[in-house]
Amino acid sequence: MEGSMIDSKLYECVRQDNIDDFKSRVQTHLAEKLVTPCGNTLLHVAASYRSDNVIAYLTKEFPSLITRRNSQEDTILHLAAREEKASHAIKSLAGSNPSLMRMTNTKGNTPLHDAVIKGNRELAEFLASKDPEVAYYNNNNGRSPLYLAVENGNKNGILDNLLNLRAPSPKNRKEGDALPKGKSPVHAAIEQRDIGILKKIGEARPDLLRLTDEEMGNSLHYASSIGFLEGVQFLLDKFHDGAYGRNPEGNYPIHLACKSHSVRVVKEYLKKFPYPKEFLNKKGQNILHVAAESGKGNVIACILRQEETLVKSLVNEMDEDGNTALHLAAGYGKSVAAFFLVRDERVDSSAVNNENLTPYDLAEQQSKSAEEKFDKANEMDGQHHSKDVEYGRKNSTAENSTSSQRKVTTLSILYLYSHPKKSLSWNFTVTPGLIISKEKEQSKNTIGNLLVVAVLVAGVTFAGAVQLPQLRDNNYSSEHHPESNSTITASRYSSYENHLCVNGFLGYYHDVRGVRFICIPFLTLDSSAIRQPISSTNYLASFLLPLVFHAFLLLEVADRDTS
């Protein structure tokens, strides 16, 4: 319906709830057609200002206005919900027109959504008492009023009221707009790590703890994935069955705990379930597989320190592809994970998967693949000079470089500790078909040999860096983190795994909480950066570092000569 603009004098009458002047002015107009620029009718305006007299008059004389919407699809109840308090006339109107309570605007919000968002406790309690099921209705973002109340931290005590409702549990509802396709209020409490609200929900509505989120699984899945220890402990007590549920990806909560950095959460599961070998995801992977694939060295170290029978049931088990945990660490270039696994005497580093590949074979394969991708990226970078793609290409090249370095580091670690009957020289041989002089070929071979030494130094130095006790400062000492009571500090290394060792060859250095890694001075040869007594590893490195430095210089010169 086309509308005419509400004049300022009539608007002022509504705002002040001046019913006499309003009546005298509105009679000269067609009240149903009068709107503001954003489509609000006179009744919308009256609801916004809680003008009870005008509301009563308009609803009696012009009932068609009751269900009219503005340009944002808001009803009068939406506007009233956004005020601090609710008028008596609005409550009466909502009670006699229950359909208003379920009407949604362009955001998918019902009036109860808006009341919760604005903290209008009076109207929120009224609406929820009249139609409790609306508390579980989702807006366009999948958030119900109950979810929003949790997200708002129980603002004005609205959450307490909503939890006391006796609406049927969402899982029993048949309507398509109910909670099962939205976000669980329990997940909102977990996201905020609010154990107080989580316990409040558990006490008032324990059935809500069992709600499942389409993306994040059940509440235990989510709490485990973010390492929320208090939440996991509470849920394991109140929702024990949740530990046996798989998420859409086929993982149990214990698997998600192993993907996070929280050793404490993993320990909590191992305490409750001392038989982790029984938890296999849809890929047939146990918890050690998952930790290795995710590169969580601290979790792997924790698992390897457990009871012997528990560890032996995990270390050499194979998934559906025949991969052990070491295979996955090698295949995904997870240096820290590979380091802890390959050094454990219980791990069979020569095991073969369904493709007859050992962990070293996989690391070698991935390293070759990474090198090819890196070379291809550099070649493409040289062919394109468009400013529009320059930034994206630089990022891509940097990512490929980091990935390549990480995989070469993993390869060197496996070469050192698994002792494969192979040579590392495959990566540094002369390109077949390239015509070069005998002298240059000898130069290439010499450089290749030097680079093999460089890779070995990377592996040795990596071991020294990971085991370096001085890297634990006061904030990360075993007193603060009892789960890290050995010389390993993998929990702080996994985040920086991309930057360890091989980056040193490229002249980078990394400062983590004021402590520099041992691999910093590979090219700069700044011995002052090494903050520990000279060990046999460092002594060996001190002889080979200049050699490595010259190898890389010679490589660049040789490449220029043969191009």
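Cβ coordinates are placed from backbone N, Cα and C, and glycine is handled just like the others.
Among the features that TrEMBL reports, compositional bias 'Basic and acidic residues' is placed at 369-393. Annotation comment: TrEMBL describes 394-403 as compositional bias 'Polar residues'. What TrEMBL records for 358-403 is region 'Disordered'. The repeat 'ANK' annotation in TrEMBL covers 107-139, 141-164.
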Composition by DSSP (helix, strand, coil) of residues within the repeat 'ANK' (107-139): 23 helix, 0 strand, 10 coil
Secondary structure tally of the repeat 'ANK' (141-164) (DSSP, helix then strand then coil): 16 helix, 0 strand, 8 coil
Taken over the repeat 'ANK' (141-164), the model's mean pLDDT: 94
